[in-house]
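A quick write-up on the structure given underneath.
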Amino acid sequence: MNNQGRSILAWATLFIFVILLFNVFQSDSLLGGRNNITFSDFLTRVDEKTVNSVKIQGRVIEGTSNDGSTFNTYAPDYPDLVNRLTSNDVNIEVVPLETRMNTFLGFLISWFPMLLLIGVWVFFMRQMHGGGKAMGFGKSKARLLSDKGPKITFKDVAGIDEAKEELTEIVDFLRDPSKFQKLGGKIPKGCLLIGPPGTGKTLLAKAIAGEANVPFFSISGSDFVEMFVGVGASRVRDMFEQGKRNAPCIIFIDEIDAVGRHRGIGMGGGNDEREQTLNQMLVEMDGFEANEGVVIIAATNRPDVLDRALLRPGRFDRQIAVANPDINGREQILKVHLKKIKYNSTVLARIIARGTPGFSGAELANLVNEAALIAARLGKKEVDMHDMEEAKDKVLMGVARRSIAMSEKEKRLTAYHEGGHALVGLYCPAASPIHKATIIPRGNALGMVQRLPETDEYSQNREQMESSIAVYMAGRVAEEIIFGRNKVTSGASSDIKGATNIARAMVTKAGLSDLIGPIFHGSSGDDMYGRQPNNETSEATAELIDAEVKRIITQGYEFAKDILTKHIDQLHTLANALIEYETLSGQQIKNLLSGRALDSEEENKFPFNDSSTIKIDKEKSPEKTKTTKAKKENYAS
């Protein structure tokens, strides 16, 4: 029987016991179980000499009639009762009140509260620690992975080849240690997987468990610390003892930052239970006693908060970065997940990978699942590319809110706002290509223009950052040109925030301001408490930084205004098309502005050679370097 069944059975038994006990009291109560009559009726029967005998206990009278029937009644304070009974020849028996209750029942009543408390305590201890281990607080909660169920191998892991290679070496060592030992090599004692959420750290651990033919224990960092002092350290000792008994083996600790944070930051100056647990883990991983054959693999997305003693070689010999996949990695991941659904030939993993820069493996898996759900909702037998595009838009831009009743005025304003973003994006020399423009409300935005880089970008140059600022400001500029300064709305608030962040990064981090120079200003990140450290920038320098940020944003604003003023006719054309069609792809926008059919697939090198504006020539424009993070740029109204 499983734990849930035992729990239900225990509660049912307790409930039945209480009911039976209640019935005992009821059946044996002072007035229960017999024919109750009034005291007046009782006196009448006595006077009529129909009562043979009575048993008096306190004020309760149990009587027997001449015909053998029994009855109960309750007597008030009636001093002449005994005289009246004897005068009518009634046999009287008096029973002391305390002897009415039998010995067992009295014992049960006196000890029942204590027995109930003990029973509840034992029950909860069994639930917390399983099968009778009421005193097993210090036992490790590490679970030995079973061979039953689906097995995950390295074939199921894609897009993180470097991490796979490092971990494959550990698996090979466990399988055939002589291959490495003949050259004097030793198995790594520990391996730390570092990366943002959703990149596949836990999936890699599952693949190791599937590949290595050795015992595999898994535990969460939060499983060590309990409300009782010393339990965490005891569980660490027990976990390593299990590992030694099953060596060679692998122990996987997920979210190790829950127990491995910096020491010495306990609040109140008291002895921190988590700190004791960490100290025990440090000793077990690399102390006086050898741990041959026990490999520790841990995962975290917060390596900055881990104690330095935990990260040193000898404990975690390897730190493997599991980053978001590049375009090739995303394509491989998509192919793995596409195998699990039914799709037709229109679905191209490469195109989807290009349109999802910065996506983690978990996000790509969610995208494929969303596409399958959309196709099922529409009654399709297979997933097609349209479903994938709709799922991508849903993940990137939010759920389409077609139920919103927008007035014609709001719809027209949104169309010009998004048209301004798109048009300036086409004319900026270093802006990423326009992927889609829409005035269908999604998420918290009334409309959106999505730009996607042709390749993954890991850094940006000055021209790219200035172009991004101009595109951000273009929506507000379009509103001002078409509707006037007094009609500008708050819809550009998120655009202004994005432009300000880029401009401030140019000045304080990238050193792209001639006035401030190549000097880093601001904090380098949160401290161990998650707070921003004190800023060491002087007030005078802070004023200069603010002035430079304003200058850069104003420059981008004027640049966008110049483009939209010179190409006002194209802005009108694009806005009217958005009002009519609601959503336009980047190719459709180029076709529209170049006078071609909207769905023409001919190569279109828009914009044209126009001396009145900036000519976009990809071959002559400065070579694009790569951005710190593959970006998904959405410009919301």
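Quick reminder: no glycine exception, Cβ is built from N, Cα and C everywhere.
Keep in mind that what you see is a predicted model, and the values were worked out from it rather than measured.
Swiss-Prot lists Glu418 with the feature active site, giving sequence analysis as the kind of evidence. Under the three-state DSSP scheme, Glu418 (active site) falls in the helix class.
Per Swiss-Prot, the feature ATP binding site maps to Gly195, Pro196, Pro197, Gly198, Thr199, Gly200, Lys201, Thr202; the stated evidence is sequence analysis. Taking a C-beta cut-off of under 8 angstroms and a sequence separation of 6 or more, Pro196 (ATP binding site) has the following same-chain neighbours: Asn301, Ala323, Asn324, Ser360.
The feature region 'Disordered' is assigned by Swiss-Prot to 603-637.
What Swiss-Prot lists as topological domain 'Cytoplasmic' is 1-6 (among others).
Helix, strand and coil content of the topological domain 'Periplasmic' (28-103), in residues and according to DSSP, is 20 helix, 23 strand, 33 coil. Annotated topological domain 'Periplasmic' per Swiss-Prot: 28-103, in sequence order.
Mean pLDDT of the predicted structure over the topological domain 'Cytoplasmic' (125-637): 80. The topological domain 'Cytoplasmic' annotation in Swiss-Prot covers 125-637 (among others), and the record cites sequence analysis as its basis.
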Lowest local Cβ density among Gly195, Pro197, Gly198, Gly200, which the record lists as binding-site residues, within 10 Å: Pro197
Local Cβ density at Lys201 (ATP binding site) - other Cβ atoms counted within 10 Å: 26
Residue among binding-site residues Thr199, Thr202 with least C-beta crowding, 10 angstrom cut-off: Thr202
Local Cβ density at Glu418 (active site) - other Cβ atoms counted within 10 Å: 29
Additional residues around ATP, ordered along the sequence, whose Cβ is within 8 Å of the centroid of Gly195, Pro196, Pro197, Gly198, Thr199, Gly200, Lys201, Thr202: Ala299, Asn301, Val322, Ser360, Gly361, Ala362
Rounded inter-Cα distance in Å - Glu418 (active site), Gly195 (ATP binding site): 35
